Amino acid sequence: MLTERVPVGLMSSVVAPEKPTSNTMGPKEVELILVKEQNGVQFTSTTLVAPAPTETNVSGEEERETWGKKIDFLLSVIGFAVDLANVWRFPYLCYKNGGGAFLVPYLFFMVIAGMPLFYMELALGQYNREGAAGVWKICPIFKGVGFTVILISLYVGFYYNVIISWALFYLFSSFTGQLPWVYCNNTWNSPNCSDWADNSSVSDIYKATPAQEYFERGVLHIQDSKGIDDLGRPRWQLTSCLAVVIVLLYFSLWKGVKTSGKVVWITATMPYVVLTVLLLRGVTLPGAIDGIKAYLSVDFLRLCDAKVSIKGRVGDTNKVWIEAATQICFSLGVGFGVLIAFSSYNKFSNNCYRDAIITSSINSLTSFFSGFVVFSFLGYMSHKHNVALDKVARDGAGLVFVIYPEAIATLPGSSVWAVIFFIMLLTLGIDSAMGGMESVITGLIDEFKFLHKHRELFTLFIVVATFLISLFCVTNGGMYVFTLLDHFAAGTSILFGVLIEAIGIAWFYGVDRFSDDIEEMIGQRPGMYWRLCWKFVSPCFLLFMVVVSFATFNPPNYGSYTFPPWANMVGWCLAISSMTMVPLYAIYKLCTLPGKFCDRLAYAITPETEHHLVDNGEVRQFTLHHWLVV
């Protein structure tokens, strides 16, 4: 190539037309021809200029955005799966169900169902590069289950953000010399308020501790409501906290994984720092070792006497196994569409098998580790007030908003410890809420492509809509709305959704095809164990859980308050509204496809990329081999 300088006026350039290729969707190379003229002689040089490389998936389409770093994805999944339930539910279940013996059914269900389903969702999202609804191009008739999990995530957001706003309210209240839940001389206290020292019987239903009254009367103002039919107006203090949470969520999600992948560096790691600090402080307290011993005490008899009474009611020990199975279903976060959404932003060749093992294991280990923190403080409370441990041990919101703040209030420098504790609750909640919102946003913008260009506006619409519905939960009677949503939004419906998901992938799409997809991504075919779990064990487990969920259903209640029949009907309508997406979409798909019923069915259960085979009469699902192969 000539390097001598020539006048600019004597130089021209020509862009040669691109050569036609078979792939008209991808980027093209451009041939640049530089023509220089000097002393009547033309010189030319040719250069092939390729555009910046973009990854393409198996169908040849341009790739979606990907995580900036692999650790962004791992922290996002861990941050979503490790939430408030790891702190307030697992340790209590372990304590009341045989201590260390509870780990036997927990780990059993973890291995046969939890990890396989976790792995399945990560692989499904990564291979198809779509949200919860779009991935069902592999079997269009099952797309309704994608809308099921999107709706469930949306419903959960209506009340989950309220828990974070409570934590924020407590955080603001902790910046004081004396914590407001220590004494009974506040304006919100009732005559029934009694300090532990003055309370001869902690179980006395007519007595309430300052911390309990602060939560129910000082924060929730539930005393100003007669029930769910007397909500009142939203309280400005909680509404303000909820607005702050919504703003945090919006600016964590508005740019997609570019922003959320950075936020989780704080929200996913902070809880581990705080839990470690609290544990180091907790084990130094008197009675802490007794609490930890009670947490780890092994009672295998709780596992051996499983039986059902003649009337069909589940016996106590049977309940141990059921609670272990339920904890697995909900603690790993399968069925919310979040794992599918997060993994869809992975690189195609990412090792999703290793990710599934790492993240699901970290989630379970975190649950176990948090038990040491919780029970060191519960043992301290038991020792300090000279009462049995079961008098102070509880699960749910009562643990983190009543018992734990009460224990912290007795420590030197209590305000500092309270700030640390509620920062942990805030970070535990935020990244889980981010995951739920991302499931909704990714699922819908992938299904309705025009939304891709308006992600920021659509994200704003989703978070604002969530905020408006959540206002019902920050009224005087908001706790009743919260309890109703918590009971119905993601109970039986999510078990049903994961069951249909497992059947659609393992049976209709085919566990062999699914294994081929994974091998194409990571170069390693899933072993026989995983394939057997996907096809037989996990669906049977989920079917059992759905049946048990219906059989053991109890109407919701809050303390002594019983919900009216109309409220239970509203709750069931909420649960059914998400589940009905499965049959409704299946009917819609069968009615809109052309041809006779058999042809429509063939198109509906065949991957969209293979519809040309249906035109030739080749339908894998109509062969016996498809159903028998593993």
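Placement of Cβ uses the backbone N, Cα and C atoms for every residue, glycine included.
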As recorded in TrEMBL, which of CYS184, CYS241 forms the disulphide with CYS193: CYS184
Lowest local Cβ density (other Cβ within 10 Å) among binding-site residues: SER331, SER432: SER331
Stretch in 236-254, 416-436, 532-553 most in contact with the transmembrane segment (73-91), if contact is a CB pair under 8 A: 416-436
Densest Cβ neighbourhood among VAL82, CYS184, CYS193, LEU428 (recorded positions), 10 Å radius: LEU428
GLY79, ALA81, VAL82, ASN86, SER331, ASN363, LEU428, ASP431, SER432 excluded, remaining Cβ within 8 Å of their centroid (Na(+)): ILE78, PHE80, ASP83, ALA85, GLY333, THR366
Surrounding residues of the transmembrane segment (236-254) on its own chain - C-beta under 8 Å, 6+ positions past either end: 161-162, 164-166, 168-169, 172, 219, 260, 263, 430, 433-434, 437-438, 441, 455-456, 459-460, 463-464, 466-467, 470-471, 474, 478
Nearest of the binding-site residues (GLY79, VAL82, LEU428, SER432) to CYS193 (disulfide bond) - Cα to Cα: LEU428
